[in-house]
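Encoded as structure tokens, the structure appears first; notes follow it.
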């Protein structure tokens, strides 16, 4: 529908997509105080349980999904309310700037600045400075991973207690990993759209989407360098039995690489961070879905974290697909797998 409207000149695909996904502001929640604020000029929505607490609460900074292009505070209102209520935590939902109007690193910088502001003013919200977790789904998982890496070496702030990455997108080097081949046409995230969103975030356009999908955008020496981290060899065999075939390498196109070379920056693709950073990361929770092009990004990062001595809790939805968490109680219905996934996040938080 978005493509049709764009061709007729009525509106862009992205504008239509934002309209469909905009969500709506809900009424008063009897169990939560909810207020819209600004943290370092970044809009946020803060959820605080009304019930009295014996001590300081845990804090959760939440970055929404939507391919860096869609999503808002309202879109994830039900998810954030649920996490705050069920885990009895203070949740801060961050409205970062969206692409293509605001290219990389705008979203990353907004999430980082909002997190730092919260941690510097944590006493105002009754939160334990030793129990703050960054959390996000999809593009939000990417942003949570990038923020976590940036803060890992900071000595002037409390250490993050954990990071929660819900089907995160963590690399843009290889769009032909097994999960991309197996789930290329599975909603809610098609293989082509994953590359489209990454390019919108990086450059504000998707001019070289085909070359990126084919793998022509990365020099052979760089592909070899990162093969130790981004490779089907690092994915358990049981995830490669369904419709996977080895692909012939495509010719490298230097002109394309020049336009996308920032894909090799860890703040954009956290899977490429050096071991010296990864081993400093906090305890981690990673949720993956079987029917998701981004499944293998999560599996590869799980291995990297474990190889560097980071404790990882992994939850895999065998019947899950990309975006299933965001559909919790959506228009009156909810997928059982999504509810299980959301409860797994809550249970992890309560264990901290």
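Glycine residues also receive a Cβ, built from the backbone N, Cα and C atoms like all the rest.
According to TrEMBL:
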- 60-206: domain 'Alpha/beta hydrolase fold-3' (DOMAIN)
- 138: active site (ACT_SITE)
- 251-325: domain 'Alpha/beta hydrolase fold-3' (DOMAIN)
- 292: active site (ACT_SITE)
- 322: active site (ACT_SITE)
Alpha-carbon spacing, residue 138 (active site) to residue 292 (active site), which is rounded to whole Å: 11
Between residue 322 (active site) and residue 292 (active site), the C-alpha gap once rounded to whole angstrom: 5
The domain 'Alpha/beta hydrolase fold-3' (251-325) [mean pLDDT, rounded to integer]: 98
Same chain, 6+ residues apart, C-beta under 8 Å of the C-beta of residue 292 (active site), given in sequence order: 167, 179, 183, 186, 189, 320, 321, 322
Helix, strand and coil totals (DSSP H, G, I; E, B; other) for the domain 'Alpha/beta hydrolase fold-3' (60-206): 62 helix, 25 strand, 60 coil
Neighbour-count leader, CB within 10 A, active-site residues: 138, 322: 138
